[in-house]
Structure formats: C-alpha cells, structure tokens
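**Student:** Got a structure here, written out as structure tokens. Questions coming.
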Amino acid sequence: MTASSTQPASVGIFFNRQYPTLEAVCDRWGLVFDENALFELVFEDNCLVLNKRDEPKLKGIFVDFVSGAVAHRRKFGGGRGQAIAKAVGLKQGVTPSVVDGTAGLGRDAFVLASLGCNVTMVERNPVVAALLEDGLRRAYEDADIGPWMQERMRLVHGSSLTALAELGEQVDVVYLDPMYPHREKSALVKKEMRVFQSLVGADLDADGLLAPAMALASKRVVVKRPDYAEDLDGVKPNTRIETKKNRFDVYVKAAMKSE
C-alpha cells in the first residue's frame, strides 16, 4: 500500500494516547504527542479524522474513496470526458500510468484510477500521508471498488522533489497540483481548504517540481492551476485545458500511443 522514500520527520500532533491503534498510526508516521498541537487525530467510525482544535465547529478532514462526493464523481462525473482525463491523455485505447506528485487528499488520483489508470500518489506531509493510507485501507476492503483499487492506487511518502527522481520506474504522465493561495472566499475555502492549507502551508518550492517531473514522465506533465495563477516555474505549456475556475497546463514530451 505504502512505500517511503525518506524517513518521516517528527511532527507534533495531539491524540488520545489510551488508544493503541492511534498510537501505532502516529508512531508509524513519526507523529509525536504534543498537548499544545493545533491539530488532533481521532478515529471515528473506523475512519482516521483530522480536527483543528481551535475551530471545533469545523468538520474534520478525512479521506473517503468509498462514499460521499468522491464516489458520486466516480459514478456521475463524466468519465473520460472530464477535463482531467483529457489532460492526462485518456482516450480510446490509451490508459496512461500516472504519478500524482502532490497527492493531497487523493481526489484527482482516485478519479484517474477509477478511469483505469495505475496511479502512484506521492505525499510529503506525514499527517496527510496517514490520512491517505487510512483511506486506502478502507477502500481496499470495500467489496465494490476494493479489487481495482488494490491494483491501481498506491502511496509513496516523501517529497516529490526527491521522490520523483527516486521512483526509478517508467511512467507516462506526472500530474502536479501544488497548493496555491485561494483568492475567493467560497464555503469550501473557508472550511476544509482553510484547515488543509493551515496544516500543509503553501508549496513555496513548487516551481522546483517541474524539472524532475519532466525527467520522469515519458509522455507528458500535467499541472493543475487556478485560472489566475502564473505558469509553473514560468514555463509556458504546450497546451491548456480550461475549466470554470481552473486550468490544466500540459507539457508534452511524446505522443500517446494506443495500447
């Protein structure tokens, strides 16, 4: 399920030390108990949840590939006609392998996996990686999606700056979605994304991802950006696919060939 390209650095987190399962999760990811930590990890209904302690009214963050919005998108989201599918080159007879170099909560990776791609998620934040692994655990156990999830989705813990170079495998597409400051004040930004951004911070080194991504990808690199953001590392893409609020910048290295 999970590989690590680096030893996880110790990160402070609050959790109930009377629960051995929580203790084991935190030990695995190098998360040390800190009674003054801003964030708390809890288990709710067999699900690892991250709460922001100074904003108890906010809904906790967790990874759920089985139900909710992600499952709805899998069933009704437009299939291979979605912008992200077009961006990575999914088409008749072409199902590329993908490295998601900035996995986050795994939603885009899951969409691509549900459309047939083998996806390796790379996540450097140990708290987010713990949430992802827990989401994968529950997805792998699900009778509906478990079989293909086990085949198509895996997690690598490490910084993409080094992990992309260390993967040592051939991959068609590298997908990047660096954290970028939101300027609008939507409900999503106010709640879930605000919590997430306060945990992981801005990807200040995001420009440094393009070169290793281009070195690893055999076919193309796809960068998801807000519509108002500048090009990653100032490099103009070969083409763009635009949506209502975002765009996918596509850097082409070679043509996609049918299987």
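All residue numbers here begin at 1 and follow the chain in the order shown.
In case you wondered, yes, glycine gets a Cβ from its N, Cα and C as well.
Pulled these from Swiss-Prot:
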{"type": "BINDING", "residues": "ARG107, ASP108, GLU123, ARG124, SER159, SER160, ASP177", "note": "S-adenosyl-L-methionine binding site"}
**Student:** When neighbour density is defined as the number of other C-beta atoms within 10 angstroms of a residue's C-beta, which of the binding-site residues GLU123, ASP177 has the lowest density?
**Tutor:** ASP177
**Student:** Quick check on the binding-site residues: of ARG107, ARG124, whose CB has the lowest count of neighbouring CB atoms inside 10 Å?
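**Tutor:** Ranked by other Cβ atoms within 10 Å, the binding-site residues ARG107, ARG124 bottom out at ARG107.
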**Student:** Tell me whether ARG124 (S-adenosyl-L-methionine binding site) sits in a helix, a strand or coil according to DSSP.
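**Tutor:** Reduced to three states, the DSSP call for ARG124 (S-adenosyl-L-methionine binding site) is coil.
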**Student:** For the binding-site residues listed here (SER159, SER160), tell me which residue's CB has the most neighbouring CB atoms inside 10 Å.
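**Tutor:** Max Cβ neighbours within 10 Å, all protein chains included: SER160.
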**Student:** As a test of the contact definition, list every same-chain residue at least 6 positions from ASP108 (S-adenosyl-L-methionine binding site) whose Cβ is closer than 8 Å to its Cβ.
**Tutor:** ILE84, ASP100, TYR175, ASP177, LYS224
